[in-house]
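As recorded in TrEMBL:
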ACT_SITE  D312  active site, proton acceptor
BINDING   K19, S20, R24, S164, Q166, D312, K339  3-phosphoshikimate binding site
BINDING   K19, G91, R119, Q166, R343, R385  phosphoenolpyruvate binding site
DOMAIN    7-420  domain 'Enolpyruvate transferase'
Amino acid sequence: MKFSSASPLRGRLNVPGDKSISHRSIMFGALARGTTEISNFLKGADCLSTISCFRAMGVDIEENQETILVHGKGLRGLKRPDQVLDCGNSGTTTRLISGILAAQDFDVTLTGDESIQKRPMKRIIDPLSLMGADIKSVRENGCAPLHITGAPLHGISYSTPVASAQVKSAILLAGLYADGETRVTEPARSRNHTELMLSSFGADVKTEGTTAVIRPARELYGQSIQVPGDISSAAFFLAAALLVPGSEILLKNVGINPTRDGVIRVFRQMGGQIEIVNRTTRAGEPAADLLVKSSRLHGTEVGGEIIPTLIDEIPVIAAAACFADGETVIRDAAELKVKESNRIQAMTENLQAMGADVRETEDGMIIRGGRPLHGADIQSRNDHRIAMTFAVAALASGQDVSIPQWDCVNISYPTFLEDMNSLINR
Ligand code: S3P
């Protein structure tokens, strides 16, 4: 894919449904009694991996034009799949499903693509094993493929070394099946969709500061879920509209859960004009329209507790920082090294290829903005968020940028190009 235009972004856009909430709506719907009806479901490859895993375990999932219907099997209704479960590129599928599989009365092997087979799974194997789970990394390297033999589980009180909603959620899902209370304490608060959604499905979950507490469930109940727009997808348009002069756009129905909204806070801190209007609630989550106008940005510091609330948006924040006046320091973000790719390296190398002044640090990046960028061939490392970030960098710089392996955007945003074009060509 080749990008170069720098025409302003104008108009309004409904960004696709939230990826994290879409995954969870399938999983919790499958474990519930009754039917769960999901609208604005994200039909990206990651969420389709979750659908295919649950279909392989006997769950009837109907895909219609506007909605997805999950005919739940109840907490004990999954069946042993005939084949290895393929989680594709999806860390959320792999980690959350492991918490569920740990408690079933069958054994199963799960794996995924080349990237998934390199991502750390010890972070879920350790706590789930403490609960009594039998999980083995088949190659004994702490990564997928994982072989999981269902076992009786007991509640634990666990402190996670990193703030990770995937780890927290795996433990909470196992906690649904445990024989007592399960508590997970994090160093900083990660996204809380699992807690909010499980509670509306009828589970007994509560939050005490950075601790989530769950009690075993007898039953979950099917729900109707209107998935809010994904703020992680909206972030690319936020950045593009802020950076390309003369832009003004309205992003409709974006989820602004405070455990996810760090990107808005940071762009505002950098001088970005983002207005939050028409606040509503969707699926128990705060949502709103975001009115964005092109702005002159200045550098900032991003670190500490805000990091988990914008972890997936750091690549596009780093790109935006190249166009800001002064220095931006991103720290406490070592988790970026174990995402779909090493995103600290991927960002540093690709921004440097465009001529930016960027330095990689132990746990982040230091970016000196203001140098004019030039065109480059980008190595996306097959990472969807890196590919889309450089589409934004291309638009903002007005330079020719080519992004091979562009198809990886299908992981989280299959209609990205159409949506970007609808804002540019007006
Ligand atoms: C997610 C949690 C985050 C995030 C990922 C989705 C989730 O991962 O990066 O894209 O849906 O729970 P970690 O839990 O590894 O931080």
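Just so it is clear, glycine is given a Cβ too, placed from its N, Cα and C backbone atoms.
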DSSP-derived class (H/G/I helix, E/B strand, else coil) of R385 (phosphoenolpyruvate binding site): helix
Candidates K19, S20, S164, Q166, K339, namely the binding-site residues, that fall within 10 Å of D312 (active site, proton acceptor) by Cα distance: K339
Neighbouring binding-site residues, C-alpha within 10 angstroms of G91 (phosphoenolpyruvate binding site) - of K19, R24, S164: none
For R385 (phosphoenolpyruvate binding site), nearby residues of its own chain (Cβ under 8 Å, 6 or more apart in sequence): S232, D312, P315, V316, K339, E340, R343, S412
Nearest recorded site to R119 (phosphoenolpyruvate binding site) by CA-CA distance, among binding-site residues K19, S20, R24, Q166: Q166
Local confidence of the domain 'Enolpyruvate transferase' (7-420) - pLDDT mean: 98
Listed recorded positions adjacent to ligand 1, that is, members of S20, S164, Q166, D312, R343, R385 whose C-beta is under 6 A away: S20, S164, Q166, D312
